[in-house]
């Protein structure tokens, strides 16, 4: 498949790292909030839906599962659309679809219709907004990109803290149908955010035509030839198997220990509140000049920290222990959320990011559908919550080891041509090479893709 990119940004243009980029960052903050918080927020309507349609919790839970599956699984489709039509048109269409799905859901007469409207249509709409917003953020920020990613990622816990009580309030006053209708109206704000995604334009000196941009594939599968991307994708897929399991089961774990329902639900509030501050803080720290060259290692540490928190949280025997677990889980979860796309951006560069993120999200979609259900089956078989947390922790720790070991061997075992090239340009024996230069999670040939080419994260 071939075709020129409408909105990819002119080749060679420097990211402004500010200016209109702050408006783009605000739009990405809102889009991220809706995308990640909405599947969780609709769960407040589940009891009302169960009563209305005479179904069980597992049937209603499929609504959130389908939403998440669409958000992750349609990654390649979003990449193709962005590479064909550009970010802004795709996001405008996505905002309309997301709103239409919720409005149509308010008129549904069966749970199957809700799967189609709220799950498929709204989920697809959110997916068409989420991925392009990250692509635009990558184009507008380079030096300040870690901080920008952290601030944008903070939209998830902020919106979760806002949408869940709002959904409960709407249900109490207008019922689930009225609540879905109003939420559909709120999702039209995605179109406003789409309007903020102004394409970058390079200034052309003189009146002559600018250089022709080469045609690009609608879905660039060449990223799989980049060992850095392959290692990242493998580690991220393993991580997602266990990453979302503890938040799903921690409230039930507390209730199993005899904690009252209100106090048990407060655990997620603690987790979300810590997450709000952890994400921008992680982005700010990663953006520091001395820290940014090691962003991949910081991401690996975040994954290990999260998995270790799960393993130690399995020993909690009272409410206080679970509160401490949620505090540390919120910190590590926020770090992972702030760094995951920053590291991917650094690995593949701007031009291939639209395809890379779509393929990564597709792989993660498979893991998302496997992770929580596998934890539920383990719980059904053993009736011991500790085993669920141990399984999740082991999976996330394993992902951190895949990333670290893959990074180590990727650098140590470079292709023969790259080694020979390095020998030709080998510095004199009396000149010491900075050890940082061999520690980055990088490609042998960095792409000149519109970013500053010699940043530490994108060149060896």
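Any Cβ shown, glycine's included, is placed from N, Cα and C.
TrEMBL lists 21-418 with the feature domain 'Major facilitator superfamily (MFS) profile'. Marked as transmembrane segment by TrEMBL: 20-39, 60-85, 97-130, 151-170, 176-197, 229-252, 264-282, 294-313, 319-341, 353-372, 384-405.
Stretch with the most C-beta contacts under 8 angstroms to the transmembrane segment (151-170), considering only 20-39, 60-85, 294-313, 319-341, 353-372: 20-39. Note: the stretches the transmembrane segment (20-39) and the transmembrane segment (97-130) are in contact (3+ CB pairs below 8 A, sequence gap of 6 or more). When each of 229-252, 264-282, 353-372, 384-405 is scored by its Cβ pairs under 8 Å to the transmembrane segment (294-313), the top-ranked stretch turns out to be 384-405. Counting only same-chain residues 6+ beyond the ends of the transmembrane segment (60-85), those with a CB under 8 A from a CB of the stretch are 1, 3, 5-8, 35, 38-40, 42-43, 46, 49-50, 111, 114-115, 118-120, 122-124, 126-128, 130-132, 135, 216-220, 354-355, 357-362, 364-366, 368-369. Per-stretch counts of Cβ pairs under 8 Å to the transmembrane segment (264-282) identify 319-341 as the leading one among 176-197, 229-252, 319-341, 353-372.
Remark: the transmembrane segment (229-252) contacts the transmembrane segment (353-372), by the rule of 3 or more CB pairs under 8 A.
Looking just at the domain 'Major facilitator superfamily (MFS) profile' (21-418), the mean pLDDT is 85.
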